[in-house]
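*Asks:* Quick one: the structure is below, and I'll ask about it shortly.
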Amino acid sequence: MSGHGNPIPMTASKSGGLKGTAHIPGDKSISHRSLILGALAVGETRITGLLEGEDVLDTARAMRAFGADITDHGDGKWSVHGVGVGGFAEPEAVIDCGNSGTGVRLIMGAMATSPITTTFTGDASLRSRPMGRITDPVSLFGARSYGRTGGRLPMTIVGADNPIPVHYRVPMPSAQVKSAVLLAGLNAPGQTVVIEQEATRDHTERMLTGFGAELNVENTKDGRVITLTGQPELRPQTITVPRDPSSAAFPVCAALIVEGSDILVPNIGLNPTRAGLFTTLRDMGADLTYENEREEGGEPTADLRVKFSPNMKGIEVPPGRAASMIDEYPILSVVASFAEGTTTMKGVKELRVKESDRIDAMARGLEACGVKIEEDEDMMIVHGMGVGGVPGGVTCESRMDHRIAMSFMCLGMATQKPVSIDDGGPIATSFPIFEPLMTELGAQIIRTTP
Ligand code: S3P
């Protein structure tokens, strides 16, 4: 829901070695998709390990408003009685997706080819984010949209009465846009084709296939071509949501920079479209190993063993890797601050339109902590100060962005003086147990009075 109540200022201070096992909550991307595809199947989908963060709970509320019957059985177990492709009812009230770009964009796609009208809104962060990237392709199916200037929320979408399938080349690397077009294509007769230049996370494709849709993926010189046959009957599934590598990134990176750390992070999905951060950290010389490598639910999975790594070196992160670690650049910029030499991140302009402008948010906060940063529209360079070299001692803005808030908290565990944030409330959108989990490992994080 919009807003997070009163701000929750927090402070992280130099921590003794992090030790123990970090059990990470379910994957946010897969949790959203489980609820939405469950709502579009006929019959009961059972989900275990659902992420019960605010973003996903907003998607569950939205799916109920479209007519799905959703039950929370406790302990991460949920069931969804779906209404079938084309079966969405018209919601009686405005759909509030809170802070979640994934939630609102996927749901817009999913309803755009049904003859219903829906108005969407979200919190101040979501209302500032571009939705034209969804309304452009859904208009090709025949949907109409009426939003604020610049394609911002609140926005009303009038779904297409007689949708036509589309052929769409996604203009930016975005799994949200790709997924919205595929979900819209579900209720269009015939074949919808989506082409992406670079591979982005492929959970929608994997799950659509699992739910019984006919979907074909071909890697061509033009890019990744995905062809979906519309109007399938989706079969309900039993889904075990893997643990989120994007959340695992925070304890992993904290352990690398906090002296004396040695932690185990079990059962982390290493889908190649998501695991770019771990490859990058290893390239920098991080003591990060994969134990017990295996396949779980069709996804490569491992337990991560992470130890304090005093000799990491800055690198140039290959731009072709950006899509596979797009949510991890904020925490990578923290690790880079403690490496020797410069870390260059190019091809990252999508960071400017996330929950906040993540280049600006990290650059300003790191600079305030004493780190030299260079940036342009599509790039950020961090001049590393080596282990123990970052002064800290300031309050950074979290800008309604969970990943910015958690990145600065991890930073403060290794800086000379404590680092504070103005508001840790947004952390609950994706990683509601961040504070107790990190504290249990030995991190010094406290809530402070404003
Ligand atoms: C997501 C896709 C990414 C990512 C977001 C989750 C998804 O966004 O940043 O946190 O679940 O599809 P873009 O597709 O806009 O890059």
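Every residue gets a Cβ built from N, Cα and C, even glycine.
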*Asks:* Could you look at Lys77, Lys349, Lys354, Lys372 and say which one TrEMBL places alongside Lys28, Ser29, Arg33, Ser174, Gln176, Asp327 in the 3-phosphoshikimate site?
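*Replies:* Among the candidates, TrEMBL records only Lys354 at this 3-phosphoshikimate site.
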*Asks:* Do any of the binding-site residues Arg33, Arg129, Gln176, Asp327 touch ligand 1, in the sense that the CB is under 6 Å from one of its atoms?
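*Replies:* Those binding-site residues that pass the cut-off, since their Cβ is under 6 Å from ligand 1, are Gln176, Asp327.
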*Asks:* Near Gln176 (3-phosphoshikimate binding site), which binding-site residues out of Arg129, Arg358, Arg403 have their CA within 10 Å?
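*Replies:* Final answer: none.
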*Asks:* Per residue, counting other C-beta atoms within 10 angstroms of the C-beta, which of the binding-site residues Ser29, Ser174, Gln176 reaches the highest number?
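*Replies:* Per the Cβ count within 10 Å, the most buried is Ser29.
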*Asks:* Which residues, sitting 6 or more apart from Asp327 (3-phosphoshikimate binding site) on the same chain, put a CB under 8 Å from its CB?
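*Replies:* Within the chain, Asp327 (3-phosphoshikimate binding site) has Cβ neighbours under 8 Å at Ser246, Ala249, Lys354, Arg403.
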*Asks:* For a quick check of understanding: given the listed phosphoenolpyruvate-binding residues Lys28, Gly101, Arg129, Gln176, Arg358, Arg403, what is the maximum Cα-Cα distance in angstrom, as an integer?
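*Replies:* Result: 19 Å between the two most distant Cα atoms.
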